[in-house]
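Record features, source TrEMBL:
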type	residues	note
DOMAIN	13-191	domain 'Wntless GOLD'
DOMAIN	192-461	domain 'Wntless-like transmembrane'
TRANSMEM	198-218	transmembrane segment
TRANSMEM	230-249	transmembrane segment
TRANSMEM	261-283	transmembrane segment
TRANSMEM	304-324	transmembrane segment
TRANSMEM	344-372	transmembrane segment
TRANSMEM	393-417	transmembrane segment
TRANSMEM	437-458	transmembrane segment
Amino acid sequence: APSPTTAVPYTSVKCIDIRKNHHKTKWLVPWGPNHCEKLKDFDEAVSRQIEANDIVFAVHIPLPKKEMSPWFQFMLFIMQLDIAFKMDNDLKENAEITLDVSLAYRDDMFDDWEEIAHAIEIRKLKCTFGSPKTLESEGRHYDCDFLPFMEIGSVAHKYYLINIRLPVNERKGINVGIGEIKDIRLVGIHQNGGFTKVWFAMKTFLTPSILIIMVWYWRRITLMTRAPVLLEKVIFALGISMTFINIPVEWFSIGFDWTWMLLFGDIRQGIFYAMLLSFWIIFCGEHMMDQNERNRLSGYWKQVGPIAVGSFCLFIFDMCERGVQLKNPFFSIWTTEVGTELAMAFIIVAGICLCLYFLFLCFMVFQVFRNISGKQSSLPAMSKARRLHYEGLIFRFKFLMLITLACAAMTVIFFIVSQVTEGHWKWGDITIQVNSAFFTGIYGMWNLYVFALMFLYAPSHKNYGEDQSNGDLGVNSGEELQLTTTITHVDGPTEVYKLARKEAQE
């Protein structure tokens, strides 16, 4: 697949707002039919006695002779200000810039513009000046951080227009002491259409495959005379959360203007993360050979509780950013000091917790391996067929445990990298290029892992001799058959699971 996103730079055009002279429209367009009267620079504005309040920075999206497409899925805009140093108009400490911003759309070059949103936003300027502030340095530019500007969760229209005003009010101190602004530049980031098509195709293909294995798996469990054990229920719940993330509702975003799709996608992914992390804890715990009373969800509240609390905190954090953006696309949690610190704290704490979780999971897997290895010492006493059978079971179980660890490691890396990638435009200096192979690879890995779990943990429908089902070490004809089956048993979810339970009881 092509790379997931594309960044397009835009430079705003300085338009003169001549509505005082009975101008018909409130929207100022930088080029094309009915374009605005332009200014080259602010020196021209001074010579023509045009005030700052009469200047509008206009940006047309996309560039000339191009159109936007619903396949782009979302638009994220970052702002960069070109501020020049002047002795009599210096940039003061902790300066704040007030932006009066409007967003409009149209689907034809000759239609009227329709307003999507209007807001008055304040952004903190974080700029440094490399040279000494003397007369010789006048005209040199400050080095300013990127500012988060706007995010929309759907690209339903062909053309968009942004009008930015910098209203000046000296009495109220609005836009005073912000230096001499020469230009406003925007960087527009959107998903690549080619990547979207590959992503949709993957979801459309994987949805029925997981659904079919889920139906088959649950049917196997309902055929049993006993009630399903905790591990079987948790695997089924994991299958449901995987199906929820798979269902390609994104196809509707091509025909409908659903701006909430980004938020919905985050919620789906959050539910799957919480389910996957909880499953790994229960999966390892159910194969421990200890005296604890297992097979009850209440036995895992200490481990599953923090995962639930963490997931809820991330949901609240997401609602504060993406939820508010449904009403006001110019809102960003990164614009205030408290918001930035909170957002950074959330990402750092989530990363640390995930790394600690991974270490704890490694410790649990190590304990399970040690217990299983101890059990292997009793194998030589068994008959050849039974020994081969249990060796096969143990090998497959160890292999599944290692795959679990690999899957967990990749998931932790993916979560941290995706958070950093999403945030790096907002805090400036960190850049990570995540290619599409990483996204599609992790997503495919989750599906294969869930598929394999259901396949390997579905209870066997074959009926073996009484000897074997009672855990007897005798030889019977059922053993030869069992060698070719998956790691399942008529009396329990897995024979390794049964071995563990028997040992604990003894």
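Every residue, even glycine, has its Cβ placed from backbone N, Cα and C.
Note that TrEMBL annotation is computational and uncurated.
Mean model confidence of the domain 'Wntless GOLD' (13-191) amounts to 84 (pLDDT, 0 to 100 scale). Same-chain residues lying 6 or more positions outside the transmembrane segment (393-417) and placing a CB less than 8 Å from one of its CB atoms are 273, 276, 280, 283-284, 287, 350-351, 354-355, 357-358, 361-362, 365, 368-369, 372, 375-376, 432, 434, 438, 442, 445-446, 449, 452-453, 456, 486-487, 494-496. Using the rule of three or more Cβ pairs under 8 Å, pairs at least 6 apart in sequence, the transmembrane segment (198-218) is not in contact with the transmembrane segment (304-324).
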